[in-house]
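> Please read through the structure below; I'll follow up with questions.
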Amino acid sequence: MIRARRRLSPAAVRGGIVTFLLMLLTAMELYPIFSIVSNSFKRLPDFFRSPIELPRRLYFGNYIVAFDKLHYFRSLLNTSIILVFSMLVLIVAGSMAAFIIARRPGKWSHLVYLFFVFGIVLPTFTMLVPQIKLIGDLGLKNNYISLILLYGAMGMPMSLFLYTGFFGSIPRELEEAAKMDGSGLFQTYFRIFMPLAAATTTTLVMLQSIGIWNDFVLPDLIMTQPEYKTLMPALNGFYGRMLGQGTRWDYIYAAIVLCILPMIFIFFFGQQISNTRRSRRSD
């Protein structure tokens, strides 16, 4: 009895190829993370013996050394202060400006909107020299305010773009109903529009906070004193010191994990908030 062969359709072949490519890309993305985390728990001889296999025993001594030599708590505090206040600037100023542009458009509103949104496509490094010169002329080096203002200005185009698009999609009847209930302009913005924009705010925070957290150039050029160093410049200095000690990859990998771990928590926390908001809205 001859078994009839089942022929694969072109759609199934294409689907299999796409699935394979996606799995390959996923493996390429996950392997560096796996390697860093795995090797951060190894002693140096174990790392050189087999850097690709899992650690036989979890060794936390690398994290103790990295935490101390990296001045982790101080660098984490500096980075967190700059991140939190930069995001407050982007959320408050960006949403207020977007509310006026979207709900109270004037003669120049569209032109102002285009002027700001143009900053999304403007290369960041084209503004680096005038930014550093301006900070130096104002005497704001080694000052949290300098980076907060710079990150606020650089992230404003994205903030304005996201909030304007969302506020413009809200039905005007909702605003008119709030006005009939006695709500003024600020009350309508604060009590109605901003709660509705929670998902937009979460998206903005997730997009901008990653860039601020991982930025090396601006903090390294502006925060020159050790007590003001953020995590990435501190990690770079730690890496240089470890190279001078025979390349202590065990300490370096542990320091990398310490630097990226808070950002992973922020990402998953933001994702959880977005999923919760989405489920509530569907209910």
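Heads up, the Cβ atoms here are built off N, Cα and C, so glycines get one too.
Checked TrEMBL, it gives:
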DOMAIN    76-270  domain 'ABC transmembrane type-1'
TRANSMEM  12-34  transmembrane segment
TRANSMEM  81-102  transmembrane segment
TRANSMEM  111-132  transmembrane segment
TRANSMEM  144-168  transmembrane segment
TRANSMEM  189-213  transmembrane segment
TRANSMEM  251-270  transmembrane segment
> Can you say which of 12-34, 81-102, 189-213 has the most Cβ pairs under 8 Å with the transmembrane segment (144-168)?
81-102
> Of the listed stretches (12-34, 111-132, 189-213, 251-270), which one yields the highest count of Cβ-Cβ distances below 8 Å with the transmembrane segment (81-102)?
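Checked against 12-34, 111-132, 189-213, 251-270; highest Cβ contact count belongs to 189-213.
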